[in-house]
Amino acid sequence: MIIRGVELINFLSHRHTRLEFDTGIVAIVGPNGAGKSSIIDAITFALFDFHNRGKSNKHLVRLGASYALIRVWFEVGGKRFLVERKLDASGRTQSAILVEELGNTRRLLARDVRSVVAEVEKLLGVRKEVARVAFIAQQGELAEIIESSRRKEYVNRLLGLDAIEKAYEKIRFVLREWQLRERQARDVLKFLENELKRIKERMEELKGVEEEFERLQRELEAAKREVERIKNERSRIEDKVKELEAKSYILESKREELKRLESEKADVLERLATIEDSIAELAEYESVAAHLNLLREAVNTANELRSIAKRMESLKRRIEEYEQIRKEYEELRSELSEYEKMREAYEKAVSLEERVRSLRERLQNLRKHREDLQQKLRDIEQNIAAMARKLLNIRAGVVIDIGEVVSRLASMEEQLKSRIDSMRARIDSLTRERGNIESKIHDIEENIVKLASAHGRCPLCSRPLRDEERRDLIRKLRFEKEALREKLERIRSELAKLRVEVEKLEKMLREYSEYKSRLAMLMGYYEQLKGELSRVEKELRDIEEQLKESNLELMRLREVMEKYRILEEKRARLQALEGKLETLSVLREEYEELEAQALSLYERLEDISDRLGVSLDKLIEIDEDTVSAIEEKIRMLEKLRNERDQLRALLEQYDTRINVLREEIAKLEQDIQPLESLKARLEELRKAERELEDYIMRLNQEIGAAEQKLKEYKRLEKQHEEYEKEIEKRRAEYEKISRFVRDLERVKNALSPQGLPRLIRILARSMIERHVREILARFNIEFVDVKITDDYDVILVTRYGEKNFRMLSGGEKTALALAFRIAFARVLAGRGRVNTLILDEPTMYLDEHRKRELVNILRYGWHGGGKILPQLIIVTHDREIEDAADQVIEVDKSSSGESRVKIVTPLA
């Protein structure tokens, strides 16, 4: 990447600044506070979304401006790109875009901040964290990476070894999970194989069951055919027996009928003789029959006259009663004068009584509802109390305040979170410490191996080394190694305990969260119920007050209601009497009509008396019974004569029927002679049928048992096939899991401290050594070789011996720091992509002599020995840097505080 230009509008102290950068050394110079570093902040903010002005973006917008705009042009691989970012007055991003410039056209690559940073990372092939180290050295950072005591940790993090360590921990966890799956798959496979063996053994036991089942089926079919033949014969004989039994029944019935007819004939003969005697006795009543009708008329007329007399007597009594009713009616009419006045008061009392009944029902319902609400509230309080006793260890019997429970739960949850965070921080710290110790142990082991094979010269520092000194060094290293191993075991033990404790605390935290959610739900429901209870109690008080008032009013109206009920009864009596008074006139008219009818009947009796020659008094004494007795005698005589004729005809019918029956009985007796022999044969057939059915039942039982075994055999056959398929599937799954576990073990070994991290460290040291060696060759520095130790300490080998960074002169330190910085950037980002390096105030902590040495190194490195990098941008307040620069940009501030930019040395 090469920075080609930047434009700042209302950014920090720049109202409007636009710069174009060339290759070579670009020096941005000016006094402190002039706004030089703002240009670098603008570049890093636009490309990677970071700056050195704190965490907030609010102060990036120039005071009083409504927005800020940054544009950065850069090249990657010969292609030109533009990043543009705009902020509002509060520092919030309004827009962010990345475009590729294609002549007069542009192609949009990304639209928002995250997408822009991701696309820039993709173009450069590095993450923004790495880019911050690879391309930019902030104020005072030029030699910091070499001098820092945490150099190794810092380099390991930039090389991604901390991520590998985390991946190693994760792969160990995943491996344990898959090893558990492997054991489970192996156990399932073993179980299935044992089941298959059991199925095979049972199938061997059931061999031959199919042949036995078929034999029993054949025997059953033969028995069923024999039963069918017997049933057919039995059915035929049963039909014949039924036919003959029917004839036998008919024979018996005809015999009984003959016996009955002969008995009935004898009775008829006896009855006929009795009738003849009775006719002779009743012959004298035939002479009375001529005057019977006139005598009947006289009896009827006398009876009617007596009936009218009784009716008239009854009417007379009723008329007297109705006269009393009329008097009562007149008295009631005078008493009912107040009825209409009392009616309105009564209706009001009835309505009030209905309201009291309704209020009492509502009161009863509300009291029941209140009891339900109170019970629900008690249940919720008991639930909360049970939760509190379980979670907060509160003794039984102690009064629990719900608000205190909520507060203590929240407090305990925060304590748990704090303990978990503290333990996690401790775990992270111990994990890093463990990695460092493992790395140190590995380094010690390598040094022991090197010392063990060394002869005459120390392989670690190249100084002369005697055998005794070598053995002392090895003993010291081994002692140090053992001490580190003990410390490593303590760390691992503590890590295991911490992880168990964290898991336990996280479980408790989940439980507390669940209880907290449940408690919140219960509290909401509790408050809702309390509000409902308050409303119900208020309504209860209102209704009780209304009921009290209504009862008082109702007691006052009770007397009115009782008086009205009495008047209502009298009113009903009055209405009933009105109907009866109408009946009085009707009774009087009826009495007069009966008097006229009685006179007419008396005159008719006198006429009949004259015609019969009987006195009127004797005629009236003749009653209905006498006339009826005479009539009965005459009717009986006629009836006996008719019956005599019928009995004579009946005797002729009896004789005919008796003769026919005797002939039919003789024929039926001959037809039923074979009945007994057929019954004997039928019994034999039934016995044979029962025996066969018992045999068939036994066969069915045996077939059922054989069928169950056959079904079991078929089921076992199916299970056998299914188990074989399942075992094949499970075996393939087990082998697949086993292969995956082996792969995971290889990955784990590769990611272990002795695997990939060690290889990366070795390669990184080798590559950094090579690049530092190559870059230092461009500077005017005398050296023989460059070595990078395991701690990334840089050793410069000269003709006079080895020098670490602290032993170098000022110029050597500056050259070595710059070379290490460029070399490290090449290792991180790749040599082809590291085309730009930005140094922000590299001379901040240098004295005048070292500043001059830096200028000489830059001049020689970029002009004398050829360009180390295509572009080097230096931000500095020291004018001496201008002597080494290809392009100089001067920045200062106006009296109003705005940054001003001037191109001192124009573009080549």
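Backbone N, Cα and C define each Cβ position, glycine as well.
Curation does not apply to TrEMBL; its annotations are automatic.
Database features, via TrEMBL:
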{"type": "BINDING", "residues": "Asn32, Gly33, Ala34, Gly35, Lys36, Ser37, Ser38, Gln139, Met807, Leu808, Ser809, Gly810, Gly811, Glu812", "note": "ATP binding site"}
{"type": "COILED", "residues": "175-447", "note": "coiled coil"}
{"type": "DOMAIN", "residues": "413-510", "note": "domain 'Zinc-hook'"}
{"type": "BINDING", "residues": "Cys458, Cys461", "note": "Zn(2+) binding site"}
{"type": "COILED", "residues": "474-733", "note": "coiled coil"}
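When the neighbouring Cβ atoms lying within 10 Å are counted for each of the binding-site residues (Ala34, Cys458, Met807), the highest count belongs to Ala34. Of all the binding-site residues listed (Asn32, Ser38), Ser38 sits in the most crowded Cβ setting, with the most other Cβ atoms within 10 Å. Note: the CA-CA distance between Ser38 (ATP binding site) and Cys458 (Zn(2+) binding site) rounds to 51 Å.
Each residue contributes its Cα atom, and for Asn32 (ATP binding site) and Cys458 (Zn(2+) binding site) those atoms are 50 Å apart. Here the Cα atom of Met807 (ATP binding site) is found 20 Å from that of Cys458 (Zn(2+) binding site). Cβ environment of Lys36 (ATP binding site): Ile28, Val29, Gly30, Val875, Thr876, His877, Val891 lie under 8 Å away, each six or more residues apart in the same chain. Mapped onto DSSP helix, strand and coil, the domain 'Zinc-hook' (413-510) counts 84 helix, 2 strand, 12 coil. Secondary structure from DSSP puts Met807 (ATP binding site) in a helix.
Reported as a whole number, the C-alpha separation between Cys458 (Zn(2+) binding site) and Ala34 (ATP binding site) equals 54 Å.
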